[in-house]
């Protein structure tokens, strides 16, 4: 199965343009499926993939309390894999063609209030003033994620040449290998300048290549490290929800809309293929308006 998964991974990367994060999730789902298959029908290989077996696998995860959004992704992983396997001649019929994708409940994302975002960014800036290159980098991670609303995988994938410092623009490669240009403001520019002039030169090695953000050993920063940076920074803010990079992305989108930004402009900045995805943030702002109204209006 390992050889098959390696081929499928190459297909996801080269033909579908899937990110490393997505590919890792898909392969993890398939390894879970194959382990389930080996337990139920040892030695059957891909031929053991049937619609009832796939439904049993999903049902086992559902019974274990797996979130509906995760079940939806696992279903998508399997459907993508089996369709590919049919085209490759690895299996005859597609057992997942009639497998229903569970609809994920669309919940309002946790976001920072604007004052909480300011406190988190000020804490990161204060920590960087000592000149430690990792602290300088961490300030840039938090500042740039909030300033631009880009995904953490997009941030960590940036090269130095993807930054136009004169016009304060990022050239971002998003999902499906779609490229977009995203502006950033003066605070992010200050954090970037400090990193390029002080932090990055202190960490760079022969292995750094063109990567903009580096880890402690000089290699390209891993998104998991960036997530840790965000969690640690935000956790120091009193009363703030426990959020990671995606929470900063949610916060940036929400605060843009609260400031009067056009929905389609926010869609372009975030790299959403569907306006419906961006519209989720309008519900956050409406929910906040309702909460303020209920608290402040004498006849609420």
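Cβ from N, Cα, C; glycine included.
If you look up Swiss-Prot, you'll see 1-86 marked as domain 'Core-binding (CB)'. Here the domain 'Core-binding (CB)' (1-86) has a mean pLDDT of 89 out of 100.
Summarising the annotation, Swiss-Prot assigns domain 'Tyr recombinase' to 107-294 and lists sequence analysis as the type of evidence.
Annotation source Swiss-Prot lists active site at 151 (among others). According to DSSP, residue 151 (active site) is assigned to coil rather than to any helix or strand. Packing around residue 151 (active site) is summarised by its Cβ count: 21 other Cβ atoms lie within 10 angstroms of its Cβ, all protein chains included.
The active site annotation in Swiss-Prot covers 175 (among others). Mapped onto three states, the DSSP output places residue 175 (active site) in helix.
Using a 10 Å radius centred on the Cβ of residue 246 (active site) and all shown protein chains, the other Cβ atoms total 15. As annotated by Swiss-Prot, active site applies to 246 (among others).
Among the features that Swiss-Prot reports, active site is placed at 249 (among others), with the record citing sequence analysis. Within 10 Å of the C-beta of residue 249 (active site) we count 24 further C-beta atoms, all protein chains included. Following the DSSP three-state reduction, the secondary structure of residue 249 (active site) is helix.
In the three-state DSSP scheme, residue 272 (active site) is classed as coil. For residue 272 (active site), the Cβ neighbour count at a 10 Å cut-off comes to 19, with all displayed protein chains included. Annotated active site per Swiss-Prot: 272 (among others), in sequence order.
Secondary structure at residue 281 (active site, O-(3'-phospho-DNA)-tyrosine intermediate), taken from DSSP and collapsed to helix, strand or coil, is helix. Feature annotation from Swiss-Prot assigns active site, O-(3'-phospho-DNA)-tyrosine intermediate to 281.
DSSP places the residues of the domain 'Core-binding (CB)' (1-86) in helix, strand and coil in these numbers: 70 helix, 0 strand, 16 coil. Note: the CA-CA distance between residue 246 (active site) and residue 151 (active site) rounds to 7 Å. Among the active-site residues 249, 272, 281, the ones whose Cα sits within 10 Å of the Cα of residue 175 (active site) are 272. A gap of 12 Å separates the Cα atoms of residue 272 (active site) and residue 281 (active site, O-(3'-phospho-DNA)-tyrosine intermediate).
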